[in-house]
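One structure below.
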Amino acid sequence: MRVNPRELNPYFKDNGSGYPDDGVEKKVGGDQLPPTSLIGDGGASGSGSISGGCPIDLALIGMQKKKKKQKERITKEQDAMTDGNRGREIEKPMVRRKNPSEPLSTRKEVQTPIRSNHVVFYEFFIGGSKLLPAVSPRNVKKIELVYPTTSWETKVGSLKRVQFDEGGLEYFKDEAVEVDHEAKKVTYRVLEGTMMQHYHSFKATLEVTSGTAKWTVEFVKKSPSSPDPDHYLHLLDSVDQDVDRYHLSPPPTK
């Protein structure tokens, strides 16, 4: 069956040219673009064509490419902002920790039951430590003040040298770095001595409560093979026992 073209295009009926009355092909503007439903299977990707071979397919493809580039630019900007925030979050722990490779400190403690008055026990270490060689002779051989310290009253900054053997090979020099009379607590930092061949730093804290004397040591090993300071914890426990017995013993009769 043959179809009369005049039946399909009303312009054929008017002037036979297939165009409007002026006989000139009209350009289609951007606001006259057909709906996207006219795009073929490939239209969504910008590579398709408008059905029927209409000449406006290149303009539509150009608009789609422009929108795609804008979308890619926005996505890149959002990713850049996300990466920037993520980088700052990584830097936070680096601010709190100056040297990430520095080994962490370790804590160990020993608790000694005491029966003597805990206030008197604490005050012995604050003001009577010069008696340690007499009270605990098996553990402390000698104790002396280190210049510029001139008083046996322990204060922040007080320096002492404690010797554990007759030859003076086993010793340490410490500094009082914290004194809390209300909490019955004093902290010493070891400055030098035989133990420091194994540790970068070493602190010892005595805290006395009713019925208990507790020593807590905090240290940083020089290497993974460095020993734990169990030897010194046993020594401190032994000194506490001797000091407790000293205060429980009746004073010598004249």
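Using the three backbone atoms N, Cα and C, a Cβ is placed for every residue, glycine included.
Automatic prediction, not curation, is the source of TrEMBL annotations.
If you look up TrEMBL, you'll see 40-50 marked as compositional bias 'Gly residues'.
TrEMBL lists 72-85 with the feature compositional bias 'Basic and acidic residues'.
Taken from TrEMBL, the feature domain 'Bet v I/Major latex protein' applies to 103-250. With DSSP classes pooled into helix, strand and coil, the tally for the domain 'Bet v I/Major latex protein' (103-250) is 40 helix, 57 strand, 51 coil.
The region 'Disordered' annotation in TrEMBL covers 1-50 (among others).
Residues or ranges marked as region 'Disordered' in TrEMBL: 66-85 (among others).
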Practice prompt. Could you pull the average pLDDT for the domain 'Bet v I/Major latex protein' (103-250)?
Written response: 95
